[in-house]
Amino acid sequence: MHHSASASSLGPGGLDLSQAFFKPIQNTASPSSTKRHTKVSVIGVGNVGMAIAQTILTQDLADELALIDAKADKLRGEMLDLQHAAAFLPRTKIVASVDYAVTVGSDLCIVTAGARQNPGESRLNLLQRNVALFSHIIPPLAKYSPDSILLIVSNPVDVLTYVSWKMSGFPSNRVIGSGTNLDSSRFRFLIADHLDVNAQDVQAYIVGEHGDSSVALWSTISIGGVPVLSFLEKQQIAYEKETLENIHKAVVESAYEVISLKGYTSWAIGYSVANLARSLLRDQRKIHPVSVLAKGFYGIDGDVFLSLPTQLGRGGVLGVTNIHLTDEEMERLRESAKTILEVQSQLGM
């Protein structure tokens, strides 16, 4: 498949008109070698992949965006549709191909390709359908961009992040799963809605598996810097644990609800992943609950990827936040790790 990009060869016989259109000034020097050219590749141009690509473009996070998909016609159509919006967007070179060579030199590779999650289907049930697919995706990405960061979005994200780590041979700090970054956003929204405050003033994390065994860290929730549960206890304000559990249950079921209503999720995950891309590419050193190698944290044994509050920057994972968990939260987190490890054991990797 041919891929098109911005070009100045509009003249007869492909004459480069840029030389005639612009006259250089005198006493110039070559561009500084310190100027970075940021390239992002998105693998899979389904609803999620295109929501991510569109958000990355509108937020001006990349100088070049490469799209990859197995369906050549849809891929070219999506590329052209984005290119035709060039007058309304920050200047970004957009290319697309079924050939992974187009991803060469990427700073960040975002993998969204995979079988679509069916209504009511557990994320873990997607595993076998997606592992085989990843064997054709991860090795070529590692080949063409050996210094890139892999950001896995496809579900089940925790297991597929582990699979990507094994298939790529990359160090663990450069293989990250989108994990519970979006779950935590949903969690913050529901708490904010419940208390009638701005979600940006709510500090709250969902950790563990991106799925049914995720863990809500109630003990660490704060609003405007005030720890919620300890405040209620000091003020002797009663609260029902069932209410807290219902909020967490709503977080877990929210994706299933969206899927049952519109057939898929796209916009929220698009913003969530662009949020991660910004922290990584711009070295923001922000803390996100994302899927990372959790071995050695909170008593977790084995090579398992699950979400923990993690500082992200240009080098990928910079560190995991040392958050104090209650005994109950720690036990639930270990159980979540066991759930993922049981699934991984079926892979023989």
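Even glycines carry a Cβ here, placed using N, Cα and C.
Copied from TrEMBL, the annotated features are:
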DOMAIN    38-177  domain 'Lactate/malate dehydrogenase N-terminal'
BINDING   G44, V45, G46, N47, V48, G49, D69, N130, V153, S154, N155  NAD(+) binding site
DOMAIN    180-342  domain 'Lactate/malate dehydrogenase C-terminal'
ACT_SITE  H210  active site, proton acceptor
Using DSSP, what's the helix, strand and coil tally for the domain 'Lactate/malate dehydrogenase N-terminal' (38-177)?
65 helix, 26 strand, 49 coil
At the Cα level, what's the spacing in Å between N155 (NAD(+) binding site) and the residue listed as 'active site, proton acceptor', rounded?
9
Spatially closest candidate among G46, V48, D69, V153, the listed binding-site residues, to the residue listed as 'active site, proton acceptor' (Cα to Cα):
V153
Near V48 (NAD(+) binding site), how many other Cβ atoms are within 10 Å of its Cβ?
26
Ranking the recorded positions G44, G46, D69, V153, H210 by other Cβ atoms within 10 Å, which is at the bottom?
G46
As a test of reading the model: what is the averaged pLDDT for the domain 'Lactate/malate dehydrogenase C-terminal' (180-342)?
90
If you count the other CB atoms within 10 A of the CB of N155 (NAD(+) binding site), including all protein chains displayed, you should get 27
